[in-house]
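**Q** Grabbed the feature section from TrEMBL, which reads as follows:
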TRANSMEM  119-136  transmembrane segment
TRANSMEM  142-167  transmembrane segment
TRANSMEM  188-211  transmembrane segment
TRANSMEM  217-238  transmembrane segment
TRANSMEM  245-266  transmembrane segment
TRANSMEM  278-300  transmembrane segment
TRANSMEM  312-337  transmembrane segment
TRANSMEM  343-363  transmembrane segment
TRANSMEM  375-394  transmembrane segment
């Protein structure tokens, strides 16, 4: 016998043995399988009974395998057709893009990251650390007690910062759909209820931490920030001060330039170090310089939002070069203050540092296309970076 061949007939599947020997029809007998159309013909010679029985069993075994394969194929094909006609993906289990716990956690963190407005978080943290260093008078002041005091202030302030920026987004959902559609509330990633829960939770945690620490400068800094931040954004009678450019600028100036500088300095000076409150030259410089910066940020922040503000009736100052001029004036004063320092290292670093920052701002401003919203937004983010950089220079003013 040379091969086992699968053929077809009108009666269904048929298996037969082929080889060199030719069998007569009278010498063959048919073997049928229950519940199938398979028929097998095997030799019946008495002299070949042993061989016939052997191949009968062998062919029966092969036929069962073919029948089972055919059944499985039919079921698989039926499932394929059902999926195709119902519109489901062919590989429905597992999904092509599985919603794993890791992916869900990453998406949640990304949404919260955007909700917290990270550039304001970084600015708040750097400003508190920088102002706290103004209270350091000698190397021994850099102690665990100092770091704990700074950490308490930073965490409490960041909680309040998230409340303020979150409330602003809750009040500006429709405006942000035009100006900032990537924010979680504007994009629909967060519901209004989720936003309310977040801002409420963080405001409570901020006040709780300020109360537990027991520092009155810290607590009052949080309270004043809460009041001004709420009045700035919330849409109630006589409030929503962001509608008025001058009042909005004053709110930002009060928090960024006065509260942050004075309150957090006093937190370290009086609560952590238990020293009398002293208004020093570096503190005066920091307050004055950040006043200029805060006004510029308050005015500049609305320049990229002209499109959405026109729709919703909020007037914006588009005085780009006025903002640039204010910052260049501030850098000029900083260079003069640095030059009067009695310490050579302070004089060199502060004069050179402020000169470099002023040059970067001027070169960038000259290349800005004022008709491009993206270009103006990019310049606005540069101003925030310059704002961060200033807090590295402030502790060096002596």
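Using N, Cα and C of the backbone, Cβ positions are placed for all residues, glycine too.
Please treat TrEMBL annotations as automatic predictions, because they have not gone through curation.
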**Q** Please identify the stretch among 119-136, 217-238, 278-300 with the greatest number of Cβ pairs below 8 Å relative to the transmembrane segment (245-266).
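**A** Ranking 119-136, 217-238, 278-300 by Cβ pairs under 8 Å to the transmembrane segment (245-266) puts 278-300 first.
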**Q** Can you tell me which of 119-136, 142-167, 188-211, 343-363, 375-394 gets the most C-beta pairs within less than 8 Å of the transmembrane segment (278-300)?
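**A** Between the stretches 119-136, 142-167, 188-211, 343-363, 375-394, 375-394 has the largest tally.
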**Q** In the same chain, who gets a Cβ under 8 Å from the transmembrane segment (217-238) while lying at least 6 residues past its ends?
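**A** For the transmembrane segment (217-238), the nonlocal Cβ contacts are 152-153, 156-157, 160, 163-164, 167-168, 170-172, 203, 206-207, 210-211, 248, 251, 254-255, 259-260, 262-264, 266-267, 270-271.
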**Q** In the same chain, who gets a Cβ under 8 Å from the transmembrane segment (142-167) while lying at least 6 residues past its ends?
**A** 115-117, 120-121, 124-125, 128-129, 132, 136, 195, 198-199, 202-203, 205-206, 209-210, 213, 215, 218, 221-222, 225-226, 229-230, 232-234, 264, 267-268, 271-273
**Q** Excluding the flanking five residues on each side, which residues at least 6 beyond the ends of the transmembrane segment (375-394) place their CB within less than 8 Å of a CB in that stretch?
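**A** For the transmembrane segment (375-394), the list is 119, 122-123, 126-127, 129-131, 134, 282, 285-286, 289-290, 293, 296-297, 300-301, 303-304, 320, 323, 327, 334, 349-350, 353-354, 357, 360-361, 364-365, 368-369.
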